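Visitor: Got a structure here, written out as structure tokens. Questions coming.
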């Protein structure tokens, strides 16, 4: 039994579906208004300053020559960048405060969802933040509308549409699209509405990709029931986090559509709606190939639902899944008007070289050591370590897939592990890749002791890129500051005063399990306020 002298008595408990009540024993119903307002203020600041500090247009028809053009250059841009980071800090602060409420059982899933949507709302109209990828998306949707194959050429071919092509990052100007036919179809649809208007295009692309957000929000309650997690925690981790609010939605990144389709497909298969589930998972792969490793795990789940022998169930589920996959993938490819040139284009991300990919990091480190003595090229080192990483990824996949043969929740847990391994062991890793497996893992039971680490990583991953979408990974002083900020955010989840500025270390968490009821109010019902 929790007592007042036991500040965090159930901190070791796993947060599962049975911990969704307040200390009074009643379902949590509080609304953390000030926390919601704090995060919303943060994203409003990001919106207002993004016009100068984020992924701005090369030629802005609104601010380019007006009285506010100063915000795009020199000291004006520096000021905008500083205020944007303040806005991001407010978002992180609000997310941490919301996490305290969630772990204490003071708020329910509805409150977490309202908070996340309020924080995202201002960013709907924002320029791209911490990335310029959306301009590549618009270019890739424009290419087939003008007779070009997006799997053969890059947006630089759109010389007659400079408002689109000139805003694409230089890295992607001549690079074919590494995305599947489902995404090309969606991008074509967006550009057919917005034309060469890049501002309208960014907003519409964000809205179109938010279909994935809607699917994720729809799927999480069911996934939590199957996987044993707690819905407020899952929403706090997968929907309200800075990775979702700032990166996937604010970016935006098409990963948000992929993870939404995959989450919905996974839930459908768990709910024995096998055909629909495989269709949705196939569409997820038709957005980004990264979803492909999930499909074999869903086959095990389907096989477990059949009533014959083990191998007959597997063969039947596998054959049906392959057939559904083939029909769905062929249909979406024909609808998009493209071919299988997508597969050679998948090599494009491998051109990215940074230390976020552990195999690449090892190669860079070994080269640095050898280069202290010999003048040698970096390429062979990276090639070898990436090859070893690929072999390790195959090993992880095969081992986890075979261990998942009993289906059910364990198969989905192992699927999430493999998706995280794909993100980390691929030749190139970008911050938002970590969401592939994490949004599924969010529905699992979580030990509160591990959540501060999740907070720290989420904050750090956003900070690895500048608001303008430039890599900061080799800006070591900035990375050192990012690590310090991330550690502070992680500590703040469980400590009211993480910097010990006021001479105490009062825990921020309270018991997440049953506790003695407080004295009832005059009405006879115990009060259950949200201490916001």
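Each residue, glycine too, has its Cβ placed from N, Cα and C.
So TrEMBL lists these for the protein:
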COMPBIAS  1-13  compositional bias 'Polar residues'
REGION    1-28  region 'Disordered'
REGION    511-532  region 'Disordered'
TRANSMEM  36-58  transmembrane segment
TRANSMEM  78-99  transmembrane segment
TRANSMEM  111-130  transmembrane segment
TRANSMEM  207-227  transmembrane segment
TRANSMEM  233-249  transmembrane segment
TRANSMEM  278-302  transmembrane segment
TRANSMEM  314-343  transmembrane segment
TRANSMEM  355-374  transmembrane segment
TRANSMEM  381-403  transmembrane segment
TRANSMEM  415-444  transmembrane segment
TRANSMEM  451-468  transmembrane segment
TRANSMEM  474-496  transmembrane segment
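Distances, neighbours, how buried they are, the whole picture for these features please.
Guide: Using a Cβ-Cβ cut-off under 8 Å and counting only residues 6 or more beyond its ends in the same chain, the transmembrane segment (278-302) has close neighbours at 179-183, 186, 215, 254-255, 257-259, 261-262, 264-266, 268-270, 314, 317-318, 320-321, 324-325, 328-329, 332-333, 342, 346, 397, 401, 404-408, 411-412, 414-415, 418-419, 422-423, 433, 436.
Residues of the same chain lying 6 or more positions beyond the ends of the transmembrane segment (415-444) and with a Cβ under 8 Å from any Cβ of it are 216, 220, 223-224, 226-229, 233-234, 237-238, 243-244, 247-248, 251, 253, 255, 258-259, 262-263, 266, 290-291, 293-294, 297-298, 349-354, 356-360, 386, 389-390, 392-393, 396-397, 400-401, 404, 457, 461-462, 464-465.
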Visitor: State the non-local partners of the transmembrane segment (78-99) in its own chain: residues 6+ outside its ends, Cβ under 8 Å from one of its Cβ atoms.
Guide: 32, 35-36, 38-39, 41-46, 48-54, 71, 107, 112, 115, 119, 129, 236, 240-242, 245-246, 451, 455, 459, 462, 466-467, 485, 489, 492-493, 532
Visitor: In the same chain, which residue numbers or ranges, 6 or more beyond the ends of the transmembrane segment (451-468), come under 8 angstroms Cβ to Cβ?
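Guide: Long-range Cβ neighbours of the transmembrane segment (451-468): 50, 53-56, 81, 84-85, 88, 92, 95-96, 99, 103, 129-132, 237, 241-243, 246-247, 356, 431-432, 434, 478-479, 482-483, 485-487, 489-494.
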